[in-house]
Amino acid sequence: MVHVEMSPEAIATQKPYLDLGLTEAEYDRFAELIGHQPNDTEIGLASGMWSEHCAYKYSKPVLRQFWTKNERVLMGPGEGAGVIDIGEGKAVVFKAESHNHPSAVEPYEGAATGVGGIIRDIFSIGAKPVAMLDSLAFGDIEQPHTQHLVDRIVAGIGGYGNAIGIPTVGGETNFDGSYTRNPLVNAMCVGIMDKDQIQKGKAAGVGNALIYVGAKTGRDGINGASFASGDFSDEEAADRSAVQVGDPFMEKLLMDACLEITGHHQEALVGIQDMGAAGLVSSSVEMAGKANSGMVLDLDLIPQRETEMTPFEIMLSESQERMLLCVRAGFEQEVLAVFADYDLDAAIVGHVIAGHQYQLYHHGKLVCDVPVSSLTDDAPIYHQQGKMPKRLAQPAADFDPIITDPVQIWTDMMAMPTIADKSSLYKRYDAQVQTNTVVLPGSDAAVTRIRGTHRALAMTTDSKGRYLYLDPQVGAAMSVAEAARNLVASGAEPLGITDCLNFGDPTKPEAFYELAEAAKGIIAATKAFNAPVISGNVSLYNETNGEAIYPTPMIGMVGLIEDLSTITTAAFKQADDLIYLVGETHGDFNGSELQKLQTGEVTGKLFDFDLEAEKQHQHFVLKAIREHLITAAHDLSDGGLLVALAEMGFDAQLGAQINVTLPTAWGFSETQGRFLLTVAPENQAAFEALHGPAQLIGRVQAAPEFEVTTVNQHFSASLQQLQTAFEEALPCHMNQKA
């Protein structure tokens, strides 16, 4: 679709900006800020930069409350990614981004370019990307539309990540009806760097050059930021022109070239930023804004792959694999020579200027002349008032399960789409390229070694949309806690989080209430685990025809393993190891997998959550792991105790005998703050001497059977029966063989 330019007078009367996401009041405000009627280019820039995706105009009052700093944080929110000191002169860099809207309409390219964008965020800081993770949410797996989305989105993630040579090491995939028309595609990237080489996205120093490098600019993804800041109707779902097209081989060249610049030509570099949402306007104006500088760009110098592109199209294109650098005067040819070595298109397209204006020239004509701040700091901020949704004010009665055939229920639970084995999906990703991956997908957290040290990083992504649907604040805290449990069970101490805040339309009081309450839960939990929010993004307007997704903050968390010898996995290691349950169990079923299985619904008041107890349990487990007392550790989450027990047995084909003073149904309770641990018999005394909140409930056995005694029943389940249900569920739904 070619953009047709309009005069300032026509824009004022015909109001095309309404279709770009600006309101009449925002148009008037922008005109006042720039001192004249906006022309076609200027109104386009405002539509991108004032979108929720770029300006956070509804979410910023919430985001400002996040806890973002502790003694380890070297750089927090506001740059391409956050940076945390991990000692020995090294830092870990990580961030997550959503690509929900593009993936809904063009699943392969939407997912692939989401991966590409988050990788650029990491290497723009100067870090080498070492791992990718994802967090995916889909609708009912039995629907052909969902199966199509799953297939193409997974293919897009794998196609891009595998080609660029960065391992996809972990993630999660959830299924719930609320995501049927609005799938969630959240991608996370982790990098490692020398902590004294951090780069920032700034353009400072009058006369310094702006160098564009990477793919040529085309008409793909134009106004994608505004597209990502609106909700869907069925008619709009065909808007594929707002979706970008990715080239991972170009990205690999771009990554290697930029890392050579940041690593070996630091004296030449002032700042570097990727062209993501809102394309060239976002990267350039944000770099000027951070340095309090002015900027001039000549759009005729922008490498273009299509003819007769308008300034609006050039500036708002979201063509992928592009970066913008600010280079010191006199070093331009040195930098251009590096890019030439990688056969990359690169050009000097502008300069830093005195003052604070942002000026664009096209065919020798000044087509934009606005204050930098009009597109950055002066974007509107809205202070919304939330309203508690009726389902929270008047919750339904508690779900009280009845279990007459525990083995059948157990088998059915293992086949629930959110619980079931995802290896048929993640085996399409290369998890071992770079040869640093120590713990592969399928355990509680992925683990990748830090080359040249005896240490490793653990990483995970977690979200709990059902829990937040029943209580946004408590559910969000539970999401952070589960991420931390996953890391601790792997032997890691949590360092910090990145988030993707996936919510509905913030102009609706009920949706804004969910966002604001979720933030409170995230704040409380991140403080409890000393894991500040160092980066992230918001993805609002996840609605179709007025129906919103569950409020779903995705928590990406990274932790540090001080010694490779303490890396712990969830799989049973040997027969006769003792099995301990950490934490108390209650009848917590509202929002659980068991409720979904037996009723098909998610209702009631979310069960209680003791954040302080969770923190104590995690400290205890990490201490026991670091003292080499634990042979296997698994956090309890979806499906509860019995699901976790079965998962621990599958890898080594080992069964278990357990005896618990709980009703049978409570074996599927989802009480938080719990772990299953195994301890070798010779370490029993040392483990119990720690006096932790752990109860001996049984032992691992060589026989592939799970023998369970509860207060009201004794039953035995075949490992093979449970594993078959677990492994065949998704391939069966996807009409493929396991």
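Note that Cβ sites are derived from N, Cα and C of the backbone, with glycine treated the same way.
Quick look at what Swiss-Prot annotates:
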ACT_SITE  H53  active site
BINDING   Y56, K95, D499, G536  ATP binding site
BINDING   E97, N537  Mg(2+) 1 binding site
BINDING   S98, H99, N100, H101, R120, Q244, E318, S319, Q320, S539  substrate binding site
ACT_SITE  H99  active site, proton acceptor
BINDING   D121, D274  Mg(2+) 2 binding site
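When Cα-Cα distances from G536 (ATP binding site) are compared across the recorded positions E97, S98, H99, N100, D121, the shortest belongs to E97. In three-state terms derived from DSSP, N100 (substrate binding site) belongs to a helical segment. The Cβ centroid of Y56, K95, D499, G536 marks the ATP site; residues of that chain outside this set whose Cβ lies within 8 Å of it are L63, P77, A96, E97, T498, C500, L501, V533, S535, N537, V538, given in sequence order. Pairwise Cα distances among Y56, K95, D499, G536, which the record gives as the binders of ATP, peak at 17 Å.
Comparing C-alpha positions, D274 (Mg(2+) 2 binding site) sits nearest to R120 among the recorded positions K95, H99, R120, E318. Close to S98 (substrate binding site), meaning Cα to Cα within 10 A, are the following binding-site residues out of Y56, D121, N537: N537. For the pair formed by the residue listed as 'active site, proton acceptor' and D121 (Mg(2+) 2 binding site), distance between Cα atoms is given as 14 Å, rounded to the nearest Å. Relative to Y56 (ATP binding site), the binding-site residues with Cα atoms inside 10 Å are N537, the candidates having been N100, R120, E318, Q320, N537. When the binding-site residues Q320, D499, N537 are screened for a C-alpha within 10 angstroms of the C-alpha of H53 (active site), the residues that qualify, in sequence order, are N537.
R120 (substrate binding site) sits 11 Å from E97 (Mg(2+) 1 binding site), taking the Cα positions as reference. Counting only residues at least six positions away in the same chain, the Cβ atoms of A96, I522, V533, G536, N537, P553, M554, I555, G556 sit under 8 Å from the Cβ of D499 (ATP binding site). The highest number of surrounding Cβ atoms within 10 Å, among the binding-site residues D121, D274, E318, is found at E318.
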